[in-house]
Ligand code: B12
């Protein structure tokens, strides 16, 4: 009996020791040499606990602060395949919708592992963070961040659900005027806040549109961000024709928050939702 009892107490003691031993073991899938080819991929790498494994990044990878000091191997036009090969990464983080595909195919053909960090829906952000964390030495960091994100998203959604729609136009550049159609980043951020995209059903993801098309569509809000050519003065002559201009509903969003699907998207949602609420409040008699 004594033997059984002492074994039982010892066994209870052994369980936590075993768990601790498992935690000490490093993740066999952990990446040691990571390269990111887009600003959003860089931010997501840090969220997933991979920041200290980054060797090189894309231009505009400026968040968090530590990313600014890293070597640059890509921009919106090109990827420096030669340099990437020389750096011998064991994981490349890419952006399917934004990086040129040919060099990526080249890298894959050479045997490099490529993970795409794209998000079309906001729910993709925590999924990507959780998936990426599987390459981290401590997956718990990313899993926790993903859970926090999902929780915060749910409470924002509950708050802004069933709001009256507000017709908006998001101006990505001024010459030519480029916007985004529904189903492409960041259209879903506006949709979550009850925004109704005047170019929702355009046949291309980032259509070039004419000024007259915008005027005819009568947006109640014009959003811009310091992204490409930034010019809101072009709407001035339309003061009497466009509700957004007439009511001074021309707002500049924080470019890094709205244009990158990352943890900071939650900040973009808050910003957009608050602006759309202002429009709704003014509608009240
Ligand atoms: C549409 C657009 C976007 C869309 C991207 C569409 C997508 N693929 O999901 C959105 C709004 C998401 C976006 C985001 C950003 N963009 Co942008 N974008 C443009 C814009 C206005 C048009 C591009 C286009 O449609 N070209 C036509 C198609 C046929 O050519 P393409 O080569 O296939 O275009 C693709 C690339 O340009 C890519 N792309 C777009 N922006 C960026 C940024 C980087 C760093 C990379 C690697 C790729 C990339 O997406 C395009 C469409 O698939 C250009 C300005 C311009 N007039 O070219 C800026 C431009 C390319 N973007 C730019 C920047 C800085 C950004 C951001 C870093 C802004 C920010 N503050 O966060 C983010 C990065 C997002 C991320 N994921 O990390 C810069 C790039 C400068 C550089 N030297 O690298 C440009 C040139 C604007 C400028 N003059 O400053 N962008």
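For all residues, glycine too, the Cβ spot is worked out from N, Cα and C.
Note: TrEMBL annotation is automatic and uncurated.
The domain 'Fe/B12 periplasmic-binding' annotation in TrEMBL covers 33-285.
Classification of residue 60 (cyanocob(III)alamin binding site) by DSSP places it in coil, neither helical nor stranded. Under 8 Å, Cβ to Cβ, and six or more positions away along its own chain, residue 60 (cyanocob(III)alamin binding site) finds 39, 75. The cyanocob(III)alamin binding site annotation in TrEMBL covers 60.
The site 'Important for BtuC binding' annotation in TrEMBL covers 82 (among others). Within the same chain, no residue at least 6 positions away in sequence has its Cβ under 8 Å from that of residue 82 (site 'Important for BtuC binding').
Under the three-state DSSP scheme, residue 212 (site 'Important for BtuC binding') falls in the helix class. For residue 212 (site 'Important for BtuC binding'), the Cβ neighbour count at a 10 Å cut-off comes to 9, with all displayed protein chains included. Sequence annotations record features per position, and here TrEMBL assigns site 'Important for BtuC binding' to 212 (among others).
Under 6 Å, Cβ to nearest atom of ligand 1: this is the test, and of the recorded positions 60, 82, 212 it is passed by 60.
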